[in-house]
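Copied over from TrEMBL:
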type   : residues  : note
REPEAT : 243-284   : repeat 'WD'
REPEAT : 285-326   : repeat 'WD'
REPEAT : 327-360   : repeat 'WD'
REPEAT : 369-410   : repeat 'WD'
REPEAT : 1186-1227 : repeat 'WD'
Amino acid sequence: MFPKSKILQVNSFDCNNKIFIRNKEGSGIFDLISSKFEVFYELFRQSAISSDGQLIACNYQQVSDGYSQGYCFKFYDIKNYKDLTIINDNKILPIQISRNGNLLHYQKDFNQVISSIDENKQLKFLCSLQGGFDVGEVSVTPSFGYISVKESTRLKLMNLNWLSNAEIVSINQLNEKGENNYFILISSDNSQIISGYSSDIKTYRFDFFEKKIHKFVQGIINCLAQIDQNIISYGCDKKNTLLGDHNDNVRCLSYSQNMKLLASGSKDQKIFLWNVNAKKKIAVLEGHTGKINQLSFSPDGQCLASASDDQQIKLWNIEQSEQSNVSKGHQQCVNQVAFSKDGLIIASCSGDCSIILWDLIEKNFIIMLKQHKLAVKCLEFSFCSKWLASGSIDGSICLWDVKFPQETTLFYKINELYLFPDFLHFSPSGCFATISNDGGKQKDSKQKIVTKIQVWSLNKIDQKDKKFEIFQYGINPICLSDDEDYIFQGYDNLVKIHNLSTDQTDILEGHQFEVVMIRSWDYGRQLLSIDNKNIMIIWQKTNNSWKKQSKILIEPPIIQINIIKYDYQDYLVSINSNAIIISNLNQMQKQMPLVDLKIQFQSCYLSNSQNQFILMDQDQIKLIDCISGEIQSEIKNLNNSQQSIISQEDRYLAIYQRQRSMIIIVDISKKQEDVNLDFEGTLKFFEFSKDDSNILYTASESCEILKWDIKNKQKEIVTKLEFQQLDYFLQFSKSCNFIVYSHKNTQIFLVNLNKQQKYQIDIQNYNGITAFSQNESLVALATSDYKIYLWNYEKSIIKDVTLIQKQSTKNLQFINEGNELVCCQKEKICIFSVQEDFKLKLKNIWQIDSCDIYIFSPKHLSVLNYSEYGKKRICFLNPGQSKILIDEKLQPLDFTSTQDGDYIVQLNQQGFIIWDLRTEKQILKTDKWSGNNAMLIDLKTLIIGNQKEINILDIRELDNIKLLYNSFQVQPLRSLSFASKQQYYVCVFDNKIQVWKFINDGKCQQVAVYDLQFYGKKNLCISANGKFLVYNSQDSQQLIRIKQLHTLELNDKKVNGLIYSSDFQNLITLISGSPILFTPTLDIIESKLEGVIKDNEAKSIVSASVDSIFAILYDALILIVKIIDSKKLTVIRQVSLKSLEKCPTFSINPSGTQLIVGSETGTIYFRDLTNSNDMDLNKFEENQKIENQNNQVNSFTFSPNGTDFAAAISDGSINLYSVEQIKNDQNIKQNDENQEQSQIQVVENIKKDFRLICYKSFSRQSLLLANQCIVKDSKITQNDKSIIQLFRQKGARE
């Protein structure tokens, strides 16, 4: 029989007529039909059962002769009553069998073990996860995709991907008291883990292993249940929760996806069933006498199992009858009503967070809309009557699709106001304007009130638009394609491409290190990415797939990059080596890949042909190819070799062995035997003749210059220098016709060995680095003070250039027939063009990786660099360098260019330079304006900004720059970003993001303002046409679709009311009680309403539909005002309110001829403005009013027909009125027999022209009783009215 002990676990599985039960005595399977246990072992300590109920794994106590023999592990076939595996190990504790029955999860010691179950039902070890002493709970997802381990202060997740890799992540939980009482569950789609601790709910995504959502709740969390991907239910110890309360702590939750029901169990011994969508409790299940410990729904949701401290398990049959959706009226005051422009629908919004649509033809309820979380303050229909916009004090605007009113759906919800919308008004162009304010409650703001006027475009609101966030990992560079369809993101060593149209993401693999820069061009069809090891990959999109086009090693350090179109080709512009470098992308892709060398050597030289590197070691010399790094020739068994040179045609190698006083001439081609030249004294320098490789020149320490005939081993003295000893520098020309040497680093001598002519110059700090041009007419000399001298000894001309990079010169070499000079510095390689006047102009500059020594081959742009203990490799320089923009004094921090790429602005804190790219010359240099970011527009306008200000400059006259606009920033400007099409820019502050649009002539319009916290140091990214922007939040990058056209932010000013003029050429609002005119782009029009009201603030404003007429309500009067020439305000009527009660609301009909005013007591006053031509209409007539309304009127709205209007009543009612003109002079004293006396009164006009009739009242009580009811004939009357007439008025139908 069933054991009478505390139930510890109960689970249902695929066999709907069976459940699995475990108590402290053991485990078993209970048959719900027979009410019997098919299998039950009293001595089970811990067990796990498969979902089909066929296999069970247990920790089982062996018993022999009535005595316990200890615990062992058993794997048992229930169906066949057969032991499969028995292990005598009492530490194996089974936990879970996977849903498909092929994996077993168990614990041994502190390790979590996963074993597979093969076809023969045998166990095979797969992996083990080592735990610690503080492990509290372990859980595996049903599909065994992830395992979670709960420790005292953190949660570990493991990705169980056996064939590829295993990945472990710790999720830290704040647990200062060391408690172990938090709850975890795996989401239904296995994509995230949900944890609850204390009052915190956190979710973590498996794919990114980082926190996604952190939610603080009231109360201490006792249990969790997932409703769907977006909704989590939790039980806690607090009452007044959103869903409902128990009388005591909620201990457990279970949710049925099939039945859409949530079950909650509590210490109060009760189980509640909840309809989550309706937020209603629909059933109470009572029967347990102890607190509820666990709940579990069957897969079909028809059965609920519960376990309790009363040691009972109860099964509950869940049957839910179909619920009808009862139509309701508003439960709180109605704030505003609006007519559709076709006059068929009226919408009302209320403090109960709801919006109701009413059918004006059938006078019936249509639908209730609930999306706002707080009171709805304003709403209006678009001119096409397809859209309804509503604004709530929850800071959101909802755009509803009301094309089919009965099926109205939420099209889009704008949550980007960050303030409370008060007023909303549509224009015929598909735009609507809003006023929102923070009520003086904006945090971290010194202003008392912050108000925004914004104009939104329906064309910019996309139903597919949703909250799009990209989780950050490291630097995360990001950019948007020019066509605004793609977001490109560097994510660790990956490149992610997010398609905004399809919501799909492509991942490009190719980098081995973190991506730090990314740029897109050609409308998103081409992309380049750079990692932190300076590897650049160019990607090409072909046939909707991305392919790696080339992989290039670029020289460090790259500060900034961009792509420009110049002369119909793509160029990479970068800041490098204190210069702006422009490189042809097509040429860059011809760069050869680097070659790693596994050859040991101590020194290296370049062959004369520049095709080989000569590598020297202690006893061998190797010649390797400058491109491939392959060994071309190798000479071994060379002891004590000091120095070597190679002949011009790379055939002979001369090797000097000092200890043997010998020069060995080796024929690399092996066609001749080696020749040994005995050398007397100490050899200092030697060189092959360029014209004849059989001739060798040497310079000894004794200052003798000798000429050797190698074949004959003959030598002759060419000259003897005047010094006693050659202790300084000496250099042979290539043909060995000249030598250059120095004395004491100041006197430099050049000797023509053939003519025995001698030349001399004095240069300070000469470091001995010398090069001869090919025709030997020029000599280049380097000094230690970073200068290069060019010496034409025949013409006695000497020119010098100071190197921008303050690094020592290692080598000089003429190339290209002496027209270019190569200068190798410590970490730089420069190439100078030799001008006709012998001046040097910088042509190329490359940065070299830090190393001990490098050798450069200009012919192949290859560099062999090596360190004594580092890598040895051949790298290739950027072959696409075409232009260099460099200024000795102004180093670039940033740059920008015109769209055609003809001009580039170089920025610095001290000023800026404008370069003409074609001539590579500066056309403007100034220190008057400076900044970190800029935008150059057609060499006409420059927008430049720094932390303090933004300046817009007119640069059409370069010698007369004009300041068009200056914006001084109160807060430091964190970032300034520009759109690639040069129309939009974004200013970023600590707590605010502003989007601006540049118009012309220095004029800018503010498009949008977002009150957002900005994180990080990277610039915000805005798309080419200003459609999107991406900003850095705390732990992700967020995308915003810019929906506004214009925005105006006002501080410390009271703003009230917002209307369009009848011609929609003006927006009118009240600022500090005075009417202010704006253009449709929110530019303020200087206008003033003079001589009418002093020291009195207007309260509200309404507009007519003709003649640019609007009305302004003051405490004691109403002004009827007309706009003349779109800028002048003229008062055409003045209506006194002195005889009336306090009036909070009013309206004017579309034709501007009638006024209605509502008082606090609910009385409505009417005034015909056409009956008098007087400027002052002293008072409303007493008999032109209607009394006994339900409550105070909050707002009026006229119907498009101009004769009907609606009133929003504080008690939740909406009343419809009609203004009827009386064609005869007879007073009307008889009430319409179809109207209710208590709600309808007839207005008697002295001139017997008009009467007001309330012909419909949508009230809360009426709807609950009568809406959609069917009534038949009745003789019951009330106030002489048939009950049928009363019910028909309240929404019933016959």
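A Cβ is built for glycine as well, from the same backbone N, Cα and C atoms used for every other residue.
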Tertiary contacts of the repeat 'WD' (327-360), defined by C-beta under 8 angstroms and 6+ residue spacing from its ends, are 366-370, 372-385, 388, 390, 392, 400, 402, 405, 408, 1191, 1194-1195, 1197-1201, 1206-1214, 1216, 1258-1264, 1267-1268
Beyond the flanks of the repeat 'WD' (243-284) by at least 6 residues, Cβ under 8 Å:
188, 222-227, 231, 233-237, 290-297, 299-302, 304, 306, 308, 316, 318, 320, 323
So how many of the residues in the repeat 'WD' (243-284) end up helix, strand or coil by DSSP?
0 helix, 24 strand, 18 coil
Where DSSP helix means H, G or I and strand means E or B, what are the helix, strand and coil counts for the repeat 'WD' (327-360)?
0 helix, 17 strand, 17 coil
The repeat 'WD' (369-410), counted residue by residue under DSSP: helix, strand, coil
3 helix, 20 strand, 19 coil
For the repeat 'WD' (327-360), report the average pLDDT of the model, please.
85
